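First the structure, in the form of structure tokens, and then the observations on it.
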Amino acid sequence: MSQKRLVLATKNQGKVREFRSLLAGAGFEIVGLDPDAPEVSETGDTFEENALIKARAASALTGLPALAEDSGIVVDALGGEPGVHSARWVPGSDEDRVRALLARMAEVPAERRTARYVSVIAVVLPSGREELFRGELEGRLAEAPRGTGGFGYDPIFVVADGRTVAEMALEEKNGISHRSRALARCLERLPALLEEG
């Protein structure tokens, strides 16, 4: 059986490699966007809207079925912030964003420090058919960063066993992450979706 070609709506080759690894053995050839492809503005108010914006643009540009992901951290005590703005909420590095979030949460008691990582994967076919797949990881925010693994908010995102995501091995993180949960749901439907066109 030949592999089905999918375009991942990103120019980031690291993300392309990650998705190739996550989809290894599933029968898909994953390609990224050309570095010269036009930038797409993520103007949506939800993870779903932003994932669809990116997937629609990638499918229209390439004529291929497209996969796009949007993700972030949702903090209950902050009314859902930073949400869709997680990667650009505060200018600077991941560490700058972690410091800013901890500063905003400084007076929030432990029982109100609940948060979740959210990942939404959009699949858009050249026919115009669209489907969304959502994965979440519940947790709470630590009072200080711990661990050296991961990226983004991982050093302050505490899972059920009391460790931060940054204290976990990559394989462990991938086994429970919001992204792996969304991707698992996507993989359940993707072969049939591609057949249906």
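The chain as shown is numbered from 1 upward.
The backbone N, Cα and C atoms fix where each Cβ goes, glycine too.
Note that the structure is predicted; figures quoted are calculated from it, not measured.
According to Swiss-Prot, the feature active site, proton acceptor maps to Asp70, an assignment based on sequence analysis. Counting every protein chain shown, the Cβ of Asp70 (active site, proton acceptor) has 26 other Cβ atoms within 10 Å.
Residues or ranges marked as substrate binding site in Swiss-Prot (evidence: sequence analysis): Thr10, Lys11, Asn12, Gln13, Gly14, Lys15, Ser71, Phe151, Gly152, Tyr153, Asp154, Lys173, His178, Arg179. DSSP classifies Asn12 (substrate binding site) as coil under the three-state reduction.
The Mg(2+) binding site annotation in Swiss-Prot covers Asp70 and rests on sequence analysis.
Look at Asp70 (active site, proton acceptor): DSSP puts it in a strand. If you take the C-beta of Ser71 (substrate binding site) and look for same-chain residues 6 or more apart in sequence within under 8 angstroms, you find Phe47, Ser86, Tyr117, Val118, Ser119, Val120, His178, Arg179. Between Asn12 (substrate binding site) and Asp70 (active site, proton acceptor), the C-alpha separation comes to 14 Å. Here the CA atom of Thr10 (substrate binding site) lies 11 Å from the CA atom of Asp70 (active site, proton acceptor). By a simple count of nearby Cβ atoms, those within 10 Å, the most crowded of the binding-site residues Thr10, Gly152, His178 is His178.
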